[in-house]
Amino acid sequence: MLSSWQGGPRPRQLLLWLLILAAWETGSGQLHYSVPEEAKHGTFVGRIAQDLGLELAELVPRLFRVASKRHGDLLEVNLQNGILFVNSRIDREELCGRSAECSIHLEVIVDRPLQVFHVEVKVRDINDNPPIFPESKKRIIIAESRPPETRFPLDGASDADIGVNSALTYRLDPNDYFTLDAQNSLEQMSSLSLVLRKTLDREEIQEHSLLLTASDGGKPELTGTVQLLITILDVNDNAPEFYQSVYKVTVLENAFNGTLVIKLNATDPDDGTNGDIVYSFRRPVWPAVVYAFTINPNNGEIRTKGKLDFEEKKLYEISVEAVDKGNIPMAGHCTLLVEVLDVNDNAPEVTITSLSLPIREDTQPSAIIALISVSDRDSGSNGQVTCTLTPHVPFKLVSTYKNYYSLVLDSALDRESVSAYELVVTARDGGSPSLWATASVSVGVADVNDNAPAFAQPEYTVFVKENNPPGCHIFTVSAQDADAQENALVSYSLVERRVGERALSSYVSVHAESGKVYALQPLDHEELELLQFQVSARDSGVPPLGSNVTLQVFVLDENDNAPALLTPGAGSAGGTVSELMPRSVGAGHVVAKVRAVDADSGYNAWLSYELQLAAVGARIPFRVGLYTGEISTTRPLDEVDAPHHRLLVLVKDHGEPALTATATVLLSLVESGQAPQASSRASAGAVGPEAALVDVNVYLIIAICAVSSLLVLTLLLYTALRCSAPPTEGACAPGKPTLVCSSAAGSWSYSQQRRPRVCSGEGPHKTDLMAFSPSLPPCLGSAEGTGQREEDSECLKEPRQPNPDWRYSASLRAGMHSSVHLEEAGILRAGPGGPDQQWPTVSSATPEPEAGEVSPPVGAGVNSNSWTFKYGPGNPKQSGPGELPDKFIIPGSPAIISIRQEPTNSQIDKSDFITFGKKEETKKKKKKKKGNKTQEKKEKGNSTTDNSDQ
């Protein structure tokens, strides 16, 4: 084989390889691209298909592919457009390190025929790496004795980039002691040194902190920093120094052994042992100094050693040396002058005589309290004594003679502020140092009755339920007296007054010692709503002092009164009402009304009405208003209905538990057009006593109407005469409403005080009738000025607002806190946010909401004496000359009398309180179109009849 290799075949093989290489170079080419490092995914590199001379359509059929030994995933070719792009992150420092050249070699292979192309992609460096020092803090220790221009080598920073991006420059923070020396090479920093500029002084600056910054040459440039902490080592170059070169001190001749004379202090700014100091007496030392004094070598304290004698030696001069512990010790010196002082060894003596204690707190200033004498056995200045007294006390010392003083009261005393004073008298001589003596005296202050008992507040409010047991405790009053002993002993008593017809002491009593207030008898809310009285507190001093406190006892209502029925006439039996009604009435016609009152208040007086059925399941053509008591028809009546109906109405309050009363209503049906007398006689045989009762009611109604008409005519005549007369003080005049007030006894008082009034658009002004609770203060009169008529003319245009000076009574305030839900009184008024619950109102016969209202409602927890009449904002109440208000209030009763006649088409939810079934008659009269004046007189007569029934 060797021979064959060396023979003819060898040239042929060599020629074959040369041909293959030539064909390879002919069929293959090499492309060069460049791309920056850290390029984003999809960054364009080159049109590789176009540069290789390949058609885009033949890339896929010829299986165009890219291969790389280690970095095949960094670059990729899009076979759709033949573009070479960046596929993943390229980090030049990771690929090539610090090599100057960095390339990615790819092999592009296509088949049919097989071709291989070499592609070289050069990765360009970017400035993405900052300079980095080996450590963030570098500590350097330099002795303060190092001379200037001394160099201290430093470690430079490194930058992973290449070229300009890795060319580093350094800078050092400006300072007076160091500078930076940097020598650059072509590739990297070769040497970096810290050069000392001037001599260091550790005593001035112990440590230097400098910041060394390295910046590369990239754009933008990146920086790196290292903190240089330079510690200066100490050198013993400072000697100890005393604060003074000469010290002067004094010492008493009787000083004990070990008494501190002075503590010398020398300082050495050096560090360590170079700053440790040793104290000693500087040689040569006199024997007298060694005998009398000693020095502590560590802290420099000089103390007495032997007995000093002023008469033997008055002054010592001592030289003291301070030496440090450095390798070459350095020393400092000072001179100490010790002066021995004469001793003041006798203290003053203080004597206090003629004490007048204790003293009364009303003692006048300048009064003498005690005599004080002082003495001192020393002579000269050591025997001169001065006295002083405790500061900030109402006493003073007055010198009367040499070494004699008087203790005098300087200002007024107040035992309640300070009850005793501890006084200290200090006597001090004139020695150096001086001696002193003290004497204490306790001055007590005797009490004087100068403070009256004081209550915590001037008025208390107490709430007590009615029907309380006799003798129950309702409240406790307490007064404090700042005095002492008997002057502070407080006793309590009632301030007697009359409550109505009875004495206050019949209602309540107060315990003289404890101040407990007791109710002596059961309280009745209906009789007494508010009991206001005063309790007096007096001390036992001479003379006694006292003060009063006001108690307002509100009696809270309990449901202890059942509803009471109001009968329509004197001839009716209690709880029984008889009414006649025609058969032709339609549904909703009001045929009768049950009236009841409750003496309680609040919910306890809120009444509801229920119709009791005679048999279970029985159906009758009547219903009763839940809160009005009006009995109305539920359907039109026919012939099959019984001619007589006996209805039982249950009246119930809302107390806990509820109390009830039962009313019996006898209804008799008559034919239309049949006279009541004829019907009564016709049914006399069948009904018997009931028919007789109907006859009596008819005659009674006729009589009441006649009397009422006469009363109305009398009132009209009286009003006309009063208004036509010249106005005098307190007389009735146009524009001046008359205010009617009710007292607890039911009497009426009149005044000309201005109150809110209701004015109409035409006709004379209407007189207001206002009833106030007995708990309110009495009505006060006020004179009217000349501007009254101008105000009245303005009043004709629009309603006046309610007087803000008026206040509700206690019962009214309590009742108005209760939420009243009435079924038929129209209490829900739509608002922006939905129905708004308000107080139900009692309105006049008009169906419009602008009619007059009485607020709050009947039986809604409000005392009837506190109601006032008002008109709605829309249409003021129209009234003719001489007319009375449509409604007025009976004092002491929640019933409201209606003078206007109810129209025929009124529904059962109207809130008129009293009707006697005369609506059918009114309807017939309207059809006949009788005169308005005759109609109004009859309507007023009916209302007057209602009033007389109540």
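In case you wondered, yes, glycine gets a Cβ from its N, Cα and C as well.
Checking Asn257, Asn932 against Swiss-Prot for the annotation N-linked glycosylation site singles out Asn257. Noted from Swiss-Prot: of Asn548, Asn942, the annotation N-linked glycosylation site belongs to Asn548. DSSP places the residues of the domain 'Cadherin 3' (243-350) in helix, strand and coil in these numbers: 10 helix, 48 strand, 50 coil. Using DSSP to sort the residues of the domain 'Cadherin 2' (134-242) gives these counts of helix, strand and coil: 4 helix, 52 strand, 53 coil.
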